[in-house]
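Pulled from TrEMBL:
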type	residues	note
COMPBIAS	23-41	compositional bias 'Low complexity'
DOMAIN	42-307	domain 'Kinesin motor'
COMPBIAS	57-66	compositional bias 'Gly residues'
BINDING	Gly137, Gln138, Thr139, Gly140, Ser141, Gly142, Lys143, Thr144	ATP binding site
COMPBIAS	291-301	compositional bias 'Low complexity'
Amino acid sequence: MEDPHDGDSRGPAEASAFPRRISTAPAAPSTSSASAPGAGTNVRVVARIRPLSPREAGGGGGGPDGGNSTAISAPTLTSVLVSGGGGGGGDRDGRTFEFDAVFPPGSTQEEVYGRSCGDMVGRSIYRGFNATILAYGQTGSGKTYTMGTDGDGDGIIARAVRDLFLHKSRLKNGDDRVKITMSYLEIYNERAVDLLAEADGHDDESSGAAQQLQVRDSAEGVVVQNLRHFEVGGPSEVRALMERASGRRATGSTNMNAVSSRSHAICTLNVTVGPDVSGGEEGADTEGKRSSTGSAGSAGSNDGGPG
């Protein structure tokens with residue numbers, strides 16, 4: 001998580017499943033964003049362990065070949081123990097990986113959001129800093145469930161969106177001062193596609209029909225030419241645009257996931273806060289950005305490709 005208190009660095013924040021060997025101070029378990037681990041750093045790395053799938057619970061194994069007996073557990077709130085056949089290097093005692101936070105299978109969506117990135121709205125975005133949430137993992141590891149909505153509870157994106165508009169409502173003259181826009185970009189087969197654009201003037205639910213966008217460098221950073229940005233007035237409008245975009249994403253079936261995303265998708269909400277002119281405040285606009293990135297998973301050599 002990018003932190004405005006940590007110098008003037010403006011690197012992205014990540015909430016992903018990249019293991020690391022650098023140990024961090026453990027955080028007390030809490031759903032409160034105030035106790036989010038790694039609150040004084042620019043980057044947080046967390047891991048979520050999903051429950052067994054029906055296939056695995058039935059004895060099908062955890063790997064593509066159905067014979068992987070790897071066991072994954074969370075000995076502490078900041079470590080993951082990988083033991084068994086997939087431990088690597090013949091290490092029967094397993095290997096331990098350290099994270100800023102670890103969420104065992106019983107963790108709720110609220111706990112995951114609160115302890116991984118729940119403080120980013122107030123600490124970063126509305127103070128003019130950018131924040132990025134990256135979901136990374138193998139096909140079937142739970143990226144879509146954790147980030148989106150699957151009928152059992154809102155994930156990170158929906159909760160962050162609610163916080164964005166809640167913070168706006170609490171800001172003095174927020175309705176007049178705050179403008180929030182949304183874009184949704186797909187990267188598939190080295191092509192950049194606008195998931196919210198209309199193809200040839202028609203709302204064609206197919207990413208393949210959309211025009212490929214050009215990505216270039218500029219003085220302000222990487223720019224995607226002609227990427228559309230829609231102004232949104234509340235969570236319901238964001239959800240409607242996300243549903244529209246989901247119908248256009250490239251998906252396909254793999255042996256590990258019946259409907260797997262085959263592409264990388266970047267959902268960005270840009271927040272611009274103007275000065276409170278009613279109170280005589282002067283100055284330039286403050287602009288912050290929250291990006292959520294869902295990557296295409298890697299499903300192994302025997303499962304039909306990435307998902």
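Each residue, glycine too, has its Cβ placed from N, Cα and C.
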Of Ser141, Lys143, which of the binding-site residues has the most Cβ neighbours inside 10 Å?
Lys143
Can you give me the average pLDDT across the domain 'Kinesin motor' (42-307), rounded to a whole number?
78
C-beta crowding around Gln138 (ATP binding site), within 10 angstroms:
20
Can you count the other CB atoms that lie within 10 A of the CB of Thr139 (ATP binding site)?
23
